[in-house]
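A.B. asks: Feature annotation from Swiss-Prot assigns signal peptide to 1-17. Feature annotation from Swiss-Prot assigns disulfide bond to Cys177-Cys416, Cys311-Cys325, Cys335-Cys358, Cys342-Cys351, Cys380-Cys386; the stated evidence is similarity to another entry. Per Swiss-Prot, N-linked glycosylation site is recorded for Asn208, Asn485, Asn491, Asn506. What Swiss-Prot lists as active site is Ser264, Asp455, His517.
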Amino acid sequence: MKSLALALLVGGAIAAGPQQQVLQAPVDNPDVAEPPLQTIADTFDHLRGQATNLWNDVIDKVPNIMDTITHTPPPKKFNRRPDSEWNHIVRGAEIQAVWVEGDDGEKHRKVGGKLEAYDLRVKAVDPKALGVDTVRQYSGYLDDNENDKHLFYWFFESRNDPENDPVVLWLNGGPGCSSLTGLFLELGPSSITEDLKVNYNPYSWNANASVIFLDQPVNVGYSYSGGSVSDTNAAGKDVYALLTLFFEQFPEYAKQDFHIAGESYAGHYIPVFASEIMAHKERNINLKSILIGNGLTDPLTQYPLYRPMACGEGGYPAVLDQASCQSMDNALPRCLSMIEACYSSESAWTCVPASIYCNNAIIGPYQRTGRNPYDVRTDCEGGNLCYTQLGDISKYLNQAEVMKALGAEVSTYDSCNMDINRNFLFRGDWMKPFHRLVPGLIAEMPVLLYAGDADFICNWLGNKAWAEALEYPGHAKFAAAEMKNLTIVDNKSKGKVIGQVKSAGNFTFMRLYGGGHMVPLDQPEASLEFMNRWLKGEWSAKSSS
């Protein structure tokens, strides 16, 4: 789920401004630890030329924008639980100190990466305490003690054959939305009713896989920190550390195939996280594939498809009138020139204006209709994120008995943190070209892009377009492949058409009929069908050879 409220709020500043060419501005150093939003304020005085004009235009039309950019929210209140309350504590420094002898007779570290600052706390969750599922469960925190970061996770074993079934890491997007949303709203073992009871989900993805739900980056959901993470690359190192320590504690899961799946802004996260894992030759993470659902990964290719989706060319009736559709067409050239500048420099000074302008001018007309940006068939209900169920989930997870059962240490749970969303936006992360990492991953493993076809915000047209435009050695074969019917093959609905699939080698695209931004919510049977078959390797270079 993507949170667009902040970008749309400030977007009018430059959408209403005169046409300008965006020039490359000072490049921020991603290795600098200084908070990125403060860096923008400090460096603003040094901008020159048209870049200055662009930011002056923002400030002129939204006078308090620099206060918004530099606002630092207070850290979450928390109560650190004593070590005696945890069943296991895994010390990264101890793991990093382990050396083994390789086949060549040379000694090397058992696992790579900088782990000395990390610990993993593990709590065995009593299944009877909450009744979410009867399977074995673990929850806890990855602690980065050096940087005061604490990431919360919740693990569920497979309902089927946990000794042999694969392990899946699930990531929601935002940026800044809790993966416990995915757990209780989409693909987890239970949903939450209006009276805050758990309701068994027969289509949970842990039907045939063990699943880890991770609240990341810090200050999302039950996670917390005195600082912040504001770009995808920094978050990737935390995820690698968590998985490494988790599989060290539970080697029985480390031997299984491992997959990363997620939706929305996870289209940014997953290519980075998978690349971070594969960058370590010595690892205990058996990564076999990645899955991105209704993701944002290649904005330059995806943004031109917002107008067709909103204006009746995506398989559903038009949401916008002709004048609004024309305004999107008129704004697109400037939007694309800004994204191109962002792709060229990958600097906040070009990527931030692109995000603000394009989100207002290209996405804003739809957002202002009051329709659900995650499902073109419905109106928006229940606040900015449009789903009343999110309120029920938050109430459930804010109960003291739930927090105690899981070992949660924060005082409050929120489904989405808009401060995180703002931080990523003003770091320039939103528009960056993370699709450039995908060719390297396709060379190593199967990659799936799936898209519910009723979603507007990360619509199937845009995802299909960037899949077909991606330059990699198998591009020609994938581009030439036909879209074929995707049908249910192994249950009482056998033969039912649930979408279309296009696959060549290790790259696959799926369109899921009747699914919105969150396919497992709208089409639970279809989502479990394709997930089970994907985990069995049905669409891969090996299966097609």
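Just so it is clear, glycine is given a Cβ too, placed from its N, Cα and C backbone atoms.
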A.B. asks: Where among the disulfide-bonded residues Cys311, Cys335, Cys380 do you find the Cβ with the fewest other Cβ atoms within 10 Å?
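C.D. replies: Lowest Cβ count within 10 Å among the disulfide-bonded residues (Cys311, Cys335, Cys380) is Cys380.
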A.B. asks: Check the Cα-Cα distances from Asn208 (N-linked glycosylation site) to the recorded positions Cys386, Cys416, Asn506 and tell me which is shortest.
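C.D. replies: That would be Asn506, nearest by Cα distance.
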A.B. asks: Rounded to the nearest Å, what's the C-alpha distance separating Asp455 (active site) and His517 (active site)? Just drop the number here, would you?
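C.D. replies: Just about 5 Å between their Cα atoms.
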A.B. asks: What count of other C-beta atoms do you get within 10 angstroms of the C-beta of Cys351 (disulfide bond), across all chains shown?
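C.D. replies: By my count, 29.
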A.B. asks: Quick one: of the recorded positions Cys177, Cys342, Asn506, which has its CA closest to the CA of Ser264 (active site)?
C.D. replies: Cys177
A.B. asks: With every protein chain in view, how many other Cβ atoms are within 10 Å of the Cβ of Asp455 (active site)?
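C.D. replies: So the Cβ neighbour count for Asp455 (active site) comes to 30.
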A.B. asks: May I ask you to report the DSSP-based helix, strand or coil state of Cys342 (disulfide bond)?
C.D. replies: helix
A.B. asks: Taking every protein chain in this structure into account, which of the disulfide-bonded residues Cys177, Cys325, Cys386 has the most other Cβ atoms within 10 Å of its Cβ?
C.D. replies: Cys177
